[in-house]
Structure formats: C-alpha cells, structure tokens
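A.B. asks: Straight from TrEMBL, here's the annotation block:
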{"type": "COMPBIAS", "residues": "283-301", "note": "compositional bias 'Polar residues'"}
{"type": "REGION", "residues": "280-301", "note": "region 'Disordered'"}
{"type": "TRANSMEM", "residues": "37-57", "note": "transmembrane segment"}
{"type": "TRANSMEM", "residues": "64-83", "note": "transmembrane segment"}
{"type": "TRANSMEM", "residues": "95-115", "note": "transmembrane segment"}
{"type": "TRANSMEM", "residues": "187-206", "note": "transmembrane segment"}
{"type": "TRANSMEM", "residues": "226-246", "note": "transmembrane segment"}
Amino acid sequence: CHIYGDPDLYGIGIRTSFYIQYGVCGLAQILKLQESISAAVQGTVVIMLAVLINTYISTAKGSFAALEWFIVSILVLFLPLWFEFPSDYDENPVGTGFILLLSSVFSLSQPWLYFKILDQGRKAGCILYLPWAIVFMLRGLVQLWRGVDGEADAGENQQPTDSREHKDTLQESATVPTRWLHFKINITAKLIVGYLFLYPCFIAFVEKTILINQLDLSSAPLNSASQLIPFLVAVFSTPIVAWSILREGRKEKEKAENRAADQLYKQMQEVLANVSRPIALQPQGSGNPRQGIQVGHDNSG
C-alpha cells in the first residue's frame, strides 16, 4: 500500500519552514518582541497562501484528500492561530487579518471535505492512520461549546449601566486595570504552555502521520526549489529575532545603569544637603540679644 505524498503541500522544506517560523513567533511573543512577530508573520503568510492554493488544486485533481487536509490543517490552521496571533493585534492588523482570513477560508471548506470528498484518493485495502485525530475533534467540540455557553452567559448577565448603583459603577471602573493585567498574565501563560507543550505535540502529530502512513515524498528533496525557497525564508527570519533579543537586552542594561546612576546622584545630593545646611546668625545690636545663636563665650563673670 504505497502512498505518494504531495511535497508541494508538506514536503520537508515546507514543514521545516513552518516549524522554524512558528517557534520564532512563539519565542518573540513570550519576550514581547512585536517587531519580530510582524516580520515573521509576513513571511509565513506567503507560504500559507501558497500551500492553501496548492491544496485546493491537488484536491481538485483527485489527491488523497483526507490525509492531505489533516496534515495541512495542522500546519496552516492550528499552529498559526496559537503562535502567530498576537495579543496586541492592533500593532499588526494586516498580518493578523490575513491569517484570520486564510483560516476562515480553510475552515469553511471543511463541510465540503467531510461530506463530499472524504474518501477521494484512497486505495482499496489501504488503512489510513491519523494519530491523535480524536484529540482535535474533542478540542473542537469543547471550544464550540465554550463559545456558545459564553455567549449565553453574556446575554444573561448584561444589564444597562443606568440601572446600576453609582457605587457599583465606580468599583467596576476601578477594576479595569486589574482585569487588563490578568489578561496579560493569562496570555503569557498560554504562550509558555503552548511553546513548551503544544508546539512539540503539533510537530509530533505531523511527523507521526507521515511516518506511520509511509508517505513517499522523495520526489522533492530539500535541495529542490519547491522546498529550498520556503526553508530559506524561515532561516533568514531567525536572525531578526536574535537581533531583537540582543537589542532589547542592551536597552534593559542601559535602563538599569541609568536607574542606578540616578539613585546614586539623589543619595549624594541628600548627603551634601545635610552636611552643608546653612546656620542663621542674627546681627549684633538688633532686636533681642537673647534671641538667635550666640557665638563665642562670655567671660565677664
């Protein structure tokens, strides 16, 4: 049961390109390097668009639809939404919007896949192995239920601001910065968990699927143009993040040195102010001689 895979969709160069760029984006997200995220997203979007177009073309020609769409969905749909969807998406609306657009188009194609062409390209007697596919199905059902349940709760709890007590409104306004801080902490925790756990799992899903089904991708090795170009795009995006890390580290070092210098300067000013505090002397023959500070000793007996 020999299966020829499509290297234009998930060849070694394309897969490695996605792995590198998603890893770079995850690291940049954790370190809050927004410029690096934007640069990596621009390169990834081009490869995503090419893979998505080739997927539709290959499917229209009668390819093994179920297997190819499972692999491509992990590379194009799940990984970008986790690692490349910035928490501060307003800073990169074009890249983020394009990722959401491609993901929406891909998601809207799923009914056509599952109800029309799911068995397309399958050989008689060949068993299709999709490791951990049930995990993605359960995850999708849970996410769908959470979305519906969240909308229902929002409708039940929604109340006009005018009907609330003035005190409650002030308390709610005061907690807005705290909620934003909690949101930031949750985003960072999500990224760290995804980077350490989900990122290796996604790679294992793809590689295990290719290995267990013995997909033949030898027609396009890494030195071929279709694999080398996306691989080099990902490789050249890595120095951007490395340079950003060095630059941010240098900025933090300069800030720390400036804070230490400012603190030392303030301490010196306080010491000098205490040492050189002026003494007020009253001129002789004016006012009450008992007032003020007497200089010298009186020996008149």
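Every residue gets a Cβ built from N, Cα and C, even glycine.
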A.B. asks: Determine which recorded stretch among 37-57, 64-83, 95-115 has the most C-beta pairs below 8 angstroms with the transmembrane segment (226-246).
C.D. replies: 37-57
A.B. asks: Taking a Cβ cut-off under 8 Å, which residues six or more beyond the ends of the transmembrane segment (37-57) line up next to it in the same chain?
C.D. replies: 6, 8-10, 14, 17-18, 21-22, 24-25, 28-29, 68-69, 72, 75-76, 80, 84, 86, 91-92, 95-96, 98-99, 102, 105-106, 109, 230, 233-234, 237, 240-241
